[in-house]
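One structure is given here, and the rest of the page talks about it.
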There are 6 protein chains.
Amino acid sequence: MTENQKPRPDGRAADELREIVIEPGWSKQAEGSALISFGGTKVLCTASVMPKVPRWLMGSGKGWVTAEYSMLPRSTNERMDRESVKGRIGGRTHEISRLIGRSLRAVVDLKALGEISITVDCDVLQADGGTRTASITGAYVALVQAIEWAKEQKRIPASAKPLIDSVAAVSVGIVGGQPVLDLPYVEDSAADTDMNVVVTGRGLFVEVQGTAEEAPFDKRELDQLLELAVGGCATLSQKQSEALSA
Amino acid sequence: MTENQKPRPDGRAADELREIVIEPGWSKQAEGSALISFGGTKVLCTASVMPKVPRWLMGSGKGWVTAEYSMLPRSTNERMDRESVKGRIGGRTHEISRLIGRSLRAVVDLKALGEISITVDCDVLQADGGTRTASITGAYVALVQAIEWAKEQKRIPASAKPLIDSVAAVSVGIVGGQPVLDLPYVEDSAADTDMNVVVTGRGLFVEVQGTAEEAPFDKRELDQLLELAVGGCATLSQKQSEALSA
Amino acid sequence: MTENQKPRPDGRAADELREIVIEPGWSKQAEGSALISFGGTKVLCTASVMPKVPRWLMGSGKGWVTAEYSMLPRSTNERMDRESVKGRIGGRTHEISRLIGRSLRAVVDLKALGEISITVDCDVLQADGGTRTASITGAYVALVQAIEWAKEQKRIPASAKPLIDSVAAVSVGIVGGQPVLDLPYVEDSAADTDMNVVVTGRGLFVEVQGTAEEAPFDKRELDQLLELAVGGCATLSQKQSEALSA
Amino acid sequence: MTENQKPRPDGRAADELREIVIEPGWSKQAEGSALISFGGTKVLCTASVMPKVPRWLMGSGKGWVTAEYSMLPRSTNERMDRESVKGRIGGRTHEISRLIGRSLRAVVDLKALGEISITVDCDVLQADGGTRTASITGAYVALVQAIEWAKEQKRIPASAKPLIDSVAAVSVGIVGGQPVLDLPYVEDSAADTDMNVVVTGRGLFVEVQGTAEEAPFDKRELDQLLELAVGGCATLSQKQSEALSA
Amino acid sequence: MTENQKPRPDGRAADELREIVIEPGWSKQAEGSALISFGGTKVLCTASVMPKVPRWLMGSGKGWVTAEYSMLPRSTNERMDRESVKGRIGGRTHEISRLIGRSLRAVVDLKALGEISITVDCDVLQADGGTRTASITGAYVALVQAIEWAKEQKRIPASAKPLIDSVAAVSVGIVGGQPVLDLPYVEDSAADTDMNVVVTGRGLFVEVQGTAEEAPFDKRELDQLLELAVGGCATLSQKQSEALSA
Amino acid sequence: MTENQKPRPDGRAADELREIVIEPGWSKQAEGSALISFGGTKVLCTASVMPKVPRWLMGSGKGWVTAEYSMLPRSTNERMDRESVKGRIGGRTHEISRLIGRSLRAVVDLKALGEISITVDCDVLQADGGTRTASITGAYVALVQAIEWAKEQKRIPASAKPLIDSVAAVSVGIVGGQPVLDLPYVEDSAADTDMNVVVTGRGLFVEVQGTAEEAPFDKRELDQLLELAVGGCATLSQKQSEALSA
C-alpha cells in the first residue's frame with residue numbers, strides 16, 4: 001500500500017484475501033461437499049454423482065460436470081423472492097451457474113471420467129460479495145471428494161486421472177482508484193471496475209470476466225488486476241490442498 | 001418400552017427425541033435466525049421483517065406472519081431437481097410452507113404486531129425425517145428474535161405483546177406396531193401411520209395431521225400418538241427457552 | 001343440543017349433516033362418476049382408467065390411484081382467477097388433491113388392482129364449505145364404478161378384490177364454542193377450530209387434519225370433534241352404499 | 001333430405017338441431033348463469049360482474065365483456081391433462097375464449113354498460129361436438145341475467161339499454177358430401193369442412209369461421225352452410241327467449 | 001370505385017393489393033425461406049425439415065406440416081413485451097400459428113410427404129396490417145422450397161407429389177361502408193368488419209374468418225368481401241409462381 | 001501471418017474482420033434501428049424510447065438503457081425451439097442481453113438522458129458466430145438514432161450530451177494455436193479459447209470475457225487476443241461513424 005492510499009473498510013492490504021475457511025465433507029448426504037467462507041460470504045457446495053450423462057453425450061464415453069448456483073432468500077441484506085416462487089430463474093443465476101460449470105470442466109478430463117455426471121450445487125447461505133468466486137473455489141473441493149468417492153465405488157477406474165489441474169477464483173476490482181483483491185459487498189458496490197478471474201493451480205487463466213461498472217478501464221489497470229487475481233488464486237489453491245489433505 | 005418391543009434403529013426409547021441443537025442468531029443478515037438440528041435433520045430458519053402487509057390487510061392495523069419452506073437439492077440422499085429449475089413449486093412444498101405459517105400465526109396476536117410482515121424462511125440443509133417439525137420449532141426461535149429486533153427498532157411499541165404463547169412441533173408414528181416419537185427417515189418410510197403435531201408451550205394443539213400410510217388407525221392408537229407428541233413438544237419448548245435466553 | 005346453545009344458521013342440530021345427494025353415473029364419458037351435493041356444495045367427480053402406471057411403479061405389478069381437485073372460477077361467491085390462466089396451481093389446490101388421492105389409496109389394494117391407473121377428478125361446480133370432504137365422499141363412488149367397469153372390461157381379473165374398505169369424509173369444527181358437524185361456508189369462516197376427518201366404512205381413521213384457526217384446542221375438544229366426525233361419516237357411508245346399489 | 005342421402009348417425013334431418021336444453025340460473029353464486037345442453041354437450045356458463053374495467057378502458061366511460069372457456073379434464077372421451085397442471089393454456093382454449101368474448105361484445109353497447117366488467121366463464125362439463133357454439137348460446141343467457149342483476153343493483157342505470165341484439169351460434173359442416181347442422185363429435189371428426197357461425201337475433205353475421213378440414217370448399221357449399229346456420233341460430237334465439245322469460 | 005366513395009389512405013383502388021415483394025431463399029440456413037412484404041408489413045418465413053413426426057403420426061406413413069408465428073417486439077408502433085419474457089404465448093399468437101399450419105396442410109398430401117415434418121416459422125419483422133395473410137402467402141413459398149430440398153436430398157421420393165395445390169391469403173374488410181382489399185393498419189383499426197380469407201391456386205376456400213368488429217354484417221356484404229378476396233388471392237398466387245420460378 | 005500458419009477457412013488474415021455492413025434506419029417503426037451484418041451473421045437492432053424508468057430509478061432524474069437479445073428459431077443451422085414456446089428464457093439469452101445492456105450503459109450518461117428508458121432489441125435473423133458482438137455494435141447505432149429522435153422530440157434537452165463515447169465489440173480466439181479476429185461459427189466451435197471484448201471509441205475496455213473452451217491460456221496469449229480485439233473494434237467504430245453520418 002502506497003502512502004496516499006486510503007485503507008480498506010476492513011483494514012486489509014490491497015492484495016490480501018479475507019479469512020478463508022473450508023470445511024470439506026460438511027454434508028452427510030452428498031458424495032462430496034464443502035462449506036466455504038470468504039469472510040462473511042458462506043457457500044454450501046455439494047457434489048452429486050449420477051450414473052448417466054446428458055443426451056448429447058450418450059454413447060460418447062465422456063462424462064459431464066455441471067453446476068447450479070442459488071442464493072437463499074435471506075442470504076442478503078434485504079430478503080429476495082425465491083426463484084422457485086417467481087417460477088423462473090433470473091439471468092444472474094443462470095450466468096453464474098454456467099460460469100461455475102465451465103470453470104470446473106476446464107480442469108476435468110471428461111473422457112477419463114467415463115459416462116457419469118457430477119452436479120455441484122452451490123447454495124449461498126450468507127452473501128457478502130464474491131459469492132461466485134467462493135462457489136468455484138468450494139465447488140472444486142466438493143468435486144475432488146466426489147471423484148474420490150466414485151473411484152472407491154469403482155464407478156471410475158482406479159487408474160483414471162480425471163483431474164488435470166485444480167481451479168480457484170477470486171474477485172478483483174478498482175475501488176477509489178486502487179486495485180484491490182477479494183471485494184466484500186461494501187467495496188463491490190463502490191467499484192469502478194469489477195473482475196472475476198478463474199485460475200488453475202498451475203497459474204493459467206480459465207475465465208477472465210472484467211466489467212466496467214462506472215468507468216471503462218485501460219490495459220495497465222487490467223494488468224494490475226490480473227496480477228492481484230493470480231496471487232490470490234495461488235493462496236486459495238494452497239487452502240484447497242490443505243482442506244483436502246486434512 | 002415393553003419387553004417384546006424391538007429396539008429403534010438408533011437405540012432411542014420410544015418416547016425419546018433425537019439430539020436437538022438450536023443455534024440462535026446463526027445469520028448475520030436476518031432480523032432473526034436459528035440453525036436447528038433434530039439429529040441428522042438441519043434447517044436454517046431466518047426471519048425477515050418488512051414494513052408492509054399483504055393487500056387484504058392494508059389499513060386493518062393488523063400484521064402478518066408467513067413462512068416459506070424449501071429443501072436444498074442435495075439435502076436428501078438422492079439429488080432432487082430444484083423447484084426454481086422446474087419452474088413450479090411442488091404440492092408438498094406448498095403444503096409445508098402453509099403449515100409452518102399457520103403454526104406461527106396461532107401464537108401471534110396480529111393486532112399487537114401492527115402493520116408489519118414477518119416472513120420466516122426454512123431452508124433444509126440436510127434432511128433425515130421430521131423436516132417440517134424441525135422447521136416449525138426453529139422458525140419460532142427466529143420469529144422471537146425478529147420481534148425483539150422490531151421492538152428495538154421501534155417498529156413495534158415496546159409495550160406490545162405480539163407473542164401469546166410459544167409453539168413447537170414433532171412427528172410421531174406407528175412403526176412395527178409401536179408408537180414412537182420423532183421419526184428419522186428410516187422409521188418414517190416404514191411407518192404405518194405418520195402424524196405431525198404442533199403444540200403450544202401451554203400444551204394446546206395447533207395442528208394435528210395424522211395420515212394412515214399403510215393401515216387406517218383407531219382411536220386408541222391416535223390417543224397414544226398424541227400423548228407422545230405432547231411430551232416431545234414440552235421438551236422442545238424447554239430447548240427453545242434455553243436457546244433464546246442463552 | 002343443550003339449552004343454552006345458539007341454533008345453527010340453517011337450523012340443523014350440531015350432529016346433523018346437510019342434505020346429501022349423490023347422483024352416480026352423471027357423466028356419459030367417464031368410467032365412473034358422481035355428482036355429489038353436501039347442501040350448497042356441488043362436486044362433479046369423474047374416474048378415468050388408464051392402462052399404465054407412473055414410472056416408479058412400472059413392472060411392480062401394482063396399480064395407482066390419484067386425484068385432482070379444482071374449483072370452477074365462479075363456484076365461489078367472488079370470481080377467482082383460473083389457475084390455468086395464472087399458470088400455476090396454488091398451494092391449497094395441491095394440498096387437497098394430495099389428500100383425496102391418499103384417502104382413496106387407503107382403501108385400495110394396489111396389488112389387486114394390477115398395473116392400471118385410476119385418476120379421479122373432483123371439480124367443484126358450486127362451493128359452500130366442505131368441498132374437500134364432499135370430493136372424497138363422491139370420489140369413492142366414482143372409483144367403485146371405475147373398478148367395476150375395469151372388471152367388466154377384463155382389465156382387472158373378476159376374482160380380484162381391489163377395494164378393502166369404503167371411505168368418506170366430513171368437516172367438523174368448533175363454532176361459537178360448540179362442536180358442530182359438516183360446516184357450510186358461513187360457519188367455516190367463523191370457526192375457532194376446523195377439522196377434516198376421513199373415516200373408512202369400518203370406522204377407522206385415514207386422515208385427521210385439525211387446525212386451530214383462531215384458538216388452539218385441547219384434548220377434550222379434539223375428542224368431541226372426532227366423535228361427531230365418526231358419526232357423520234357412518235351416515236355418509238350409508239348414502240354411498242345406497243347410491244351404488246341404486 | 002334427398003333420396004340418396006345417407007341418414008345422420010342420430011337420425012336427425014340435415015337441418016335439425018340436437019335437443020337443446022337451457023337451464024337459466026343454475027348457479028346460486030353467479031350474477032347470471034345457464035347450464036346449456038346441445039345433445040350430449042353440456043356447458044355451465046356463469047357471468048360475473050366486477051366494478052372495474054381493464055386498464056386501457058379506465059376513464060373511458062365504457063364497460064367490458066369478456067369470456068373464458070375451459071373443458072373439464074374428463075369432459076371428453078379420453079381424459080386430457082388440465083391446463084392448470086401443464087402450466088399453460090393451449091391455443092385452442094385461447095382461440096375459443098376470444099371468440100366467445102367477441103361474439104358477446106358484438107351485441108353489447110359498451111358505453112351503455114358503463115365502467116363495469118362482465119366475465120362469462122364457459123366450463124364444458126361434457127363434450128360431444130359444438131362446445132364453442134353451445135358456449136356462446138349459453139353465455140348470452142348468463143349475460144342477460146347479469147345485466148338485469150346489475151340494473152337491480154343500480155350498477156347500471158335503469159334506463160340504459162346495453163343489449164342491442166341477442167346472439168347465438170351453431171356449427172355446420174359438410175359430412176359425406178352433405179351439408180348438415182349442429183354436428184356431434186362423430187360427424188365433426190368426419191367432416192370435410194367445418195364452420196362455426198355466430199348470428200344475431202336479427203339474422204346478421206357476427207363471426208363466420210369456415211375451415212376446410214379435408215377438402216377446400218367452393219362458394220356454393222359455403223352458401224348452403226350459411227343458410228343452414230342462419231336457420232339453426234333462429235331456433236336457438238327462440239330457445240334463449242323462452243328460457244329467459246320462464 | 002363508385003363516385004361517392006372516399007379514397008383509401010394510400011390512394012389504392014378498393015380492389016388493389018399493396019406492393020407485394022417476395023424474396024425467396026432469403027435465409028442461408030433454412031431448407032426453404034422467403035422474406036415477403038405486403039406494403040409496410042414484412043415477414044421472414046423459414047421452413048425447417050425434420051426427419052420425424054409428432055408422436056400421434058409415428059408409424060402412420062404420414063408427414064406433418066406446422067407453423068409458428070411471432071412478432072418481433074418492435075415490429076409494431078409501440079414496443080410489445082416479448083412472449084419469451086412473459087413466459088407464455090398469447091392467444092392471438094397461438095391462433096395465428098394454428099391458422100397458418102392448417103392453411104398449409106390444406107394443400108399438402110401428408111401421405112405423399114412420408115414421415116417427415118416441416119415447420120414454417122413466420123417472424124414478423126415489421127407490422128402494418130395483414131401479418132397473418134402475408135405469413136400464409138410467404139410460408140407457402142418457403143414450404144415449396146423445403147419440399148424441393150427434401151426431394152434433392154432424397155428424403156421424399158422424386159416421384160412423390162406432396163403439393164396438391166398452392167395457397168395464399170389476404171385480408172378484406174368494410175371500412176367506412178366500403179368493401180376494400182388488403183388493409184393496412186390504419187384501415188384495419190377503423191374497419192367495421194374484418195375478414196381473412198385463405199384461397200387455393202384453383203380458387204377454392206381453405207379458411208374464411210369474418211369478424212364483425214363494430215357492426216354485424218349481412219349476406220350481401222359477405223359476398224362482396226369474398227369476391228374481393230378471391231381476386232386478391234389470384235394475384236398473390238401469380239406472384240408466388242413468379243418468385244418460385246425466378 | 002507467419003509462414004507456418006494455416007490459412008483461415010474463409011481466407012482472411014488473422015487480424016481481418018469479416019465484411020461488415022450496417023444499414024441504419026432499417027425499421028420504419030422504431031425510434032432507432034440498424035440491420036448489421038458481420039459476414040453471415042445478421043442482427044436487426046431496434047431502439048425504443050419510453051417515457052418512464054424502472055421503479056428503482058423513479059424520481060432519481062436518471063434514465064435507463066437496457067437490451068434484449070434473441071435468436072429466431074431458424075437463424076441457426078438446426079432449428080431451435082422458441083423460448084416463448086418453452087416458456088422460459090435460457091441462460092445464454094439472459095447472459096447476452098445483460099452484456100449488451102451493460103455495454104451500452106458504459107457509454108451513456110444516464111443523468112443527461114433524464115427519466116426516459118431506451119430498450120434496444122437485438123434479434124438475430126441469421127447466425128454465423130459473433131452474434132453478441134454484432135448485436136452490441138449494431139445496438140450502439142440504433143441507440144444513437146434513438147437519442148437523436150428524443151432530442152428532436154424534445155424528450156431530451158437539445159443541450160444534453162448523453163453519449164460520452166461510442167462502443168463496439170468483437171470476438172477473438174485461439175484457433176489451432178493462432179490468435180484470430182472475428183470468428184465465424186466454424187472457427188468458434190474449434191477454438192481453444194474464446195474471448196468477447198467490448199471497447200469504446202477511445203480504446204478503453206468495457207468488458208473482457210475470456211473463456212478457455214478447451215485449454216486454459218496464459219498471459220501472453222491474453223495480451224495477443226486483446227491487441228487483436230482493440231484493432232478490430234477501432235475499425236468497427238469507424239464503420240459506425242460512417243453509417244451514422246450517411
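Glycine is no exception: its Cβ is also placed from the backbone N, Cα and C atoms.
Remember, it's a predicted structure, so these values are computed and weren't measured experimentally.
Record check: TrEMBL places C:G130, C:T131, C:R132 at the phosphate site, and the matching candidate among C:R82, C:R88, C:R92 is C:R92. Of the binding-site residues C:R92, C:R132, C:R132 has the largest number of other Cβ atoms within 10 Å of its own Cβ.
Taking the Cβ of C:T131 (phosphate binding site) as reference, residues of its chain lying under 8 Å away and at least six apart in sequence are, in sequence order, C:T41, C:V43, C:Y69, C:M71, C:I96, C:V124. Taking every pair among C:R92, C:G130, C:T131, C:R132, the residues listed as contacting phosphate, the largest Cα to Cα separation comes to 13 Å. Within the same chain, the residues at least 6 positions away from C:G130 (phosphate binding site) whose Cβ sits under 8 Å from its Cβ are C:F38, C:T41, C:V170, C:S171, C:D182, C:L183, C:P184, C:D188, listed in sequence order.
DSSP gives C:R92 (phosphate binding site) a helix state.
According to DSSP, the domain 'Exoribonuclease phosphorolytic' (C:16-146) comprises 42 helix, 41 strand, 48 coil.
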